[in-house]
Structure formats: structure tokens, C-alpha cells
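A short write-up of the structure that comes next.
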Amino acid sequence: MFLTNLLMTIAPVLLAVAFLTLVERKILGYMQLRKGPIVVGPYGLLQPISDAVKLFTKEPLRPLTSSTTMFLMAPTLALALALTMWIPLPMPLPLTNMNLSLLFMLAMSSLAVYAILWSGWASNSNYALIGALRAVAQTISYEVTLAIILLSVLLLSGSYSLSTLIITQEYMWLILPSWPLAMMWFISTLAETNRAPFDLTEGESELVSGFNVEYAGGPFALFFLAEYTNIIMMNALTTILFLGAYNNPNTPELYTINFTTKTLLLTMAFLWIRASYPRFRYDQLMHLLWKNFLPLTLALCMWYTALPIITAAIPPQT
């Protein structure tokens with residue numbers, strides 16, 4: 001039964017990822033006053049399927065000097081970790097109800113760094129290695145603020161479980177009392193998923209393609225899938241943390257529709273940002289985090305810790 005549930009979670013996610021690539025190309029196309037893909041199928045709707053067929057039927061080329069095992073393990077690990085992070089997400093019921101689901105997701109996203117590092121190191125290419133080192137530094141740095149923001153949200157909800165956040169936000173979204181946190185969280189998720197304007201790992205002008213420069217065909221497709229799975233997952237997590245919907249146990253499908261709509265809108269915002277903003281310089285990226293976000297998130301975390309203690313002294317208003 002668990003395997004059936006797992007497949008019923010993973011299959012729609014992979015399908016959503018496939019069509020997210022099409023949505024991205026269409027949105028970027030219309031923003032640049034062109035049509036985007038229109039050849040394969042009606043309105044280009046079958047483009048993701050043809051892309052998948054093309055990538056997986058190509059010969060998986062491998063550099064002679066690369067470390068074979070690690071070279072092939074890295075993309076597999078990247079996708080496996082990206083899909084594992086969907087397990088504790090309540091939609092409205094999670095696949096397994098963990099008490100420490102937020103910690104689990106944080107741990108999984110930290111492990112994703114290894115896949116990137118292995119791919120850059122095993123490729124035995126300078127471009128790939130520089131791209132991987134950048135990605136690792138960026139991901140580890142932004143995880144610091146993500147963890148502190150999560151801690152602040154946990155202080156507001158009072159539990160490490162994601163399901164509790166649905167009850168916490170029954171009457172009011174957490175984005176309203178903690179909007180600075182939500183803004184910093186959204187920008188940090190952009191950096192965490194290596195999206196524009198933080199896509200320094202894939203700086204085409206300087207690194208050709210970043211850590212996946214030596215990959216082609218199937219392994220490249222796995223990296224691609226992992227990246228877009230992480231994007232949707234991060235937006236789903238943002239929805240649960242800050243835009244939680246009321247879940248009526250009699251009509252759970254209403255929650256699911258609400259949840260997916262918000263996730264879709266946030267993903268559209270990701271694509272819109274990509275079309276609008278130029279890439280940051282590397283020192284600006286690090287400066288933004290260590291000099292701006294970190295002090296702010298720490299101060300806000302202390303504030304949310306102190307707030308219940310301060311208000312506990314106020315006599316009840318009758």
C-alpha cells in the first residue's frame with residue numbers, strides 16, 4: 001500500500017515538472033514577444049514528452065578522465081533526494097506523518113549539496129568544478145537563513161510538524177504577522193534552487209553550463225528534473241509555511257485545489273523573476289546573505305522568542 005501511495009505522489013510530481021519546463025518556455029516566450037514552442041502537438045503541448053524521448057534515447061557520453069561511479073551516481077542521488085522531500089508535505093495529508101518533518105526536509109536539502117559536489121568533482125573539468133564549488137558555497141550559505149526563518153515559524157506554530165501549520169493558519173496566514181520573514185524566505189529559496197538572479201552556478205558567459213557541463217542525455221535530464229522538482233517543492237513549502245489554507249476534513253479536495261493554486265502562482269513568480277532580473281555578481285550574492293539577511297533573521301527570531309514571554313504578563317482582556 002505504501003508503495004502505491006509513493007507512486008501516486010511521485011508520478012504527478014514528475015508530470016508537473018515536465019510541464020513546468022513548457023510553462024517556463026511559454027512565459028519567457030510571451031515576455032520576449034514571441035510564441036515559445038508551438039510545433040510538437042497542439043500549441044506545443046507535447047514538447048516535454050518529445051524532450052524526454054530525445055534526452056533518454058541519446059547515447060550517455062562520458063569524459064574519459066571522469067570517475068565513472070560518482071559521475072553516474074550524482075544525478076541519480078540529486079533526483080532521489082528531490083523526490084524524497086515530498087514525503088512529509090501535507091496535501092492535506094502527508095505520505096508519512098513525521099513529528100520532525102521540517103527538520104527532515106532541511107536535512108534532505110542539505111544532502112543535495114553532495115550530488116552537486118560529486119558531479120563537479122567527478123567530471124574532471126575545471127568549469128564543472130568551479131560551478132560545483134559555487135553551488136555548494138551558495139546552497140550552504142543560504143541554508144543558514146532558511147533554517148533560522150524555519151525556526152521563527154516553528155516558534156509561531158509551536159511544533160516541528162508541517163501538519164500543525166495548517167491548524168495554526170486556520171484564521172490568518174502567517175505571511176501577515178511575519179511578512180519580512182516571508183520575503184527573505186522567498187529570496188532565499190530562489191538562491192537555494194539556483195534560479196535567476198542567483199544562477200551563478202550556471203553562468204553561461206563564464207562557466208559554459210556550470211556543474212553539469214560534461215553531462216548529456218539521460219544523466220543531464222535527471223539533473224534537470226531534480227532542479228525543477230526542487231523549485232515546485234520549495235514553493236509548496238512556502239505555501240504551507242506562510243499561505244496555509246483551512247482544511248475541512250469533510251472536503252479535503254478543496255484544500256488540495258487551494259494548495260496547488262498557490263504553489264502554481266508562486267512558481268509563476270519564480271519564472272517572472274527569471275525573465276525580469278539580471279544575474280547578481282558573486283560577492284553581491286554573499287554580501288546580501290551574510291551582511292543583510294542573517295542579522296535581520298536573527299533579530300526577528302529573537303523577537304518571536306521574546307513576544308510570548310512579554311505578552312504573558314498582560315492580564316486577560318474580558
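Numbers here mean position along the shown chain, with the first residue as 1.
Any Cβ shown, glycine's included, is placed from N, Cα and C.
As written in Swiss-Prot, here are the features:
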- 2-22: transmembrane segment (TRANSMEM)
- 70-90: transmembrane segment (TRANSMEM)
- 102-122: transmembrane segment (TRANSMEM)
- 147-167: transmembrane segment (TRANSMEM)
- 171-191: transmembrane segment (TRANSMEM)
- 222-242: transmembrane segment (TRANSMEM)
- 253-273: transmembrane segment (TRANSMEM)
- 294-314: transmembrane segment (TRANSMEM)
* For the transmembrane segment (2-22), which recorded stretch in the set 70-90, 102-122, 171-191, 222-242, 294-314 gives the largest number of Cβ pairs separated by under 8 Å? -> 222-242
* Asked: Which residues of the same chain, at least 6 past either end of the transmembrane segment (70-90), have a Cβ under 8 Å from a Cβ in it?
  -> 9-10, 13, 62-63, 96-98, 101, 104-105, 108-109, 111-112, 114-116, 118-119, 121-123, 162-163, 166, 214-215, 219-220, 222-223, 225-227, 229-230, 233, 236-237, 240
* Mind checking which residues of the chain, 6+ beyond the ends of the transmembrane segment (102-122), have their Cβ under 8 Å from one of its Cβ atoms? => 66-67, 70-71, 73-75, 77-78, 81-82, 84-85, 87-88, 128-133, 135-136, 139-140, 143, 146-147, 150, 154, 160-162, 192, 201, 211-212, 215, 223, 226, 230, 237
* Remote residues contacting the transmembrane segment (171-191) - C-beta distance under 8 A, at least 6 residues beyond either end -> 138-139, 141-142, 145-146, 149, 152-153, 156-157, 165, 197-198, 234-235, 237-238, 241-244, 266, 269-270, 273, 285, 288-289, 293, 296-297, 300, 304
